[in-house]
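A.B. asks: Would you mind keeping the following structure in view while I ask a few things?
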Amino acid sequence: QRVLRVQLLEAADLVAKDQRLGGLVRGRSDPYAETRAGGSRFRSRVVREELNPRWNESYEVIVDDVPGQDVEFDLFDKDIDKDDFLGRWGTGGDWGVSGGLISPSLQWLPLQDVRSGRLHVRLESLEPRPSPELLDRVLHTNALLQPQHGPELSAALLRVYLDRAADLPLLKGSQPPSAFASLAVGDASFRTKSCPPCTEPVWDEGFSFLIRRPHLETLELQVRAEAGPALGSLTLPLARLLPRPGLGTDGWEPLAGGGRILLRAQLGVLVPLEVEEGAARRGPEGGDPERPQEEEEEEPRGEEDEQRGAGGLRQRLVPADRRPQPTQGPRVLLSLRFQREQRRLVAIVHSCRDLRAASKDLPDPYVSLVLLPERSRATKRKTGVQKRTLNPEFNER
């Protein structure tokens, strides 16, 4: 299994469906997109009165490694009665299950069955890897890539295989139950088939979950009798899997309430192209996973190092032998990334250290950002306020 990440970026030159003054004045459309992939369907938000809409939305779906799977996009103009067709585009069942970036990130795709219109998307096939050393960098990169609209990007795939249960509790004089198991991680849940009445049910079923924060999420499992009470439960924090070989566990686990269950649970880190390229630049010895990706250097180029990130960020960095050591005193930790496809600058304010109090009372600090040269409400952002501290933690985007 893999995870297909679909980035619906924008469209251009769409057909105007809402005519004005009987067609004397060029009209507009209220476009939205429907995306179908891996048996799932996603619908974007509607952009009002726009022929060049920008959605900047991402969708993720778990897909099997089998050929012939389509990714299709249909665009419509939202109307009160019946929505008008604005064009479509499909991969024709060949989007590259071998992994990696499926279509060039800057490619515009011509819409079909309409006289004009182009669609800008990015498809990426992410293969789960048992690579805990990359997890922190993936989480950091996901925070920079996170679209303004839609759910948080996934950092890992959890695959759970349920084999059987044993020694399930029975009330005295009761009949063996017809048992099934339910599994949940956050809002995602599944259940197995119900087995014939017995105390050692065999399911032999597998399930997969998209995981956004492996350090914080938990697998909740219950074994229940059909139309009856719970027979046992298991709470498995995914953080328990991170230090284990292969990021997994395989064996018998005790059930709270009685009995035990035989299962295999394994995490796989979803490594996007941006992390792949960063790891390749650092070489086999790797880099410090705690450093923001944008601070990693490429090989020197003349007087200064020039770095161009996969998302379009370019920095001029002082060579390592002339880079000043971190200063003492007030300082702020930031991550900056320019997302070329979305034409957007992303800033993450992580924390401040050693701030100075203006009085004997501890301050309530916040960070204000302004994009120069303009000084308007549209170019200003502000973090939340942290109470009474000289070392605030923000981690705000």
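Cβ coordinates come from backbone N, Cα and C, glycine included.
So TrEMBL lists these for the protein:
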| type | residues | note |
| --- | --- | --- |
| DOMAIN | 1-109 | domain 'C2' |
| DOMAIN | 139-257 | domain 'C2' |
| REGION | 276-329 | region 'Disordered' |
| COMPBIAS | 278-292 | compositional bias 'Basic and acidic residues' |
| COMPBIAS | 293-306 | compositional bias 'Acidic residues' |
| DOMAIN | 326-397 | domain 'C2' |
A.B. asks: When DSSP states are grouped into helix, strand and coil, how many residues of the domain 'C2' (326-397) land in each?
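C.D. replies: Split by secondary structure, the domain 'C2' (326-397) comes out as 3 helix, 29 strand, 40 coil.
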A.B. asks: Count up the helix, strand and coil residues in the domain 'C2' (139-257) according to DSSP, in that order.
C.D. replies: 13 helix, 57 strand, 49 coil
A.B. asks: On the 0 to 100 pLDDT scale, where does the domain 'C2' (139-257) sit on average?
C.D. replies: 92
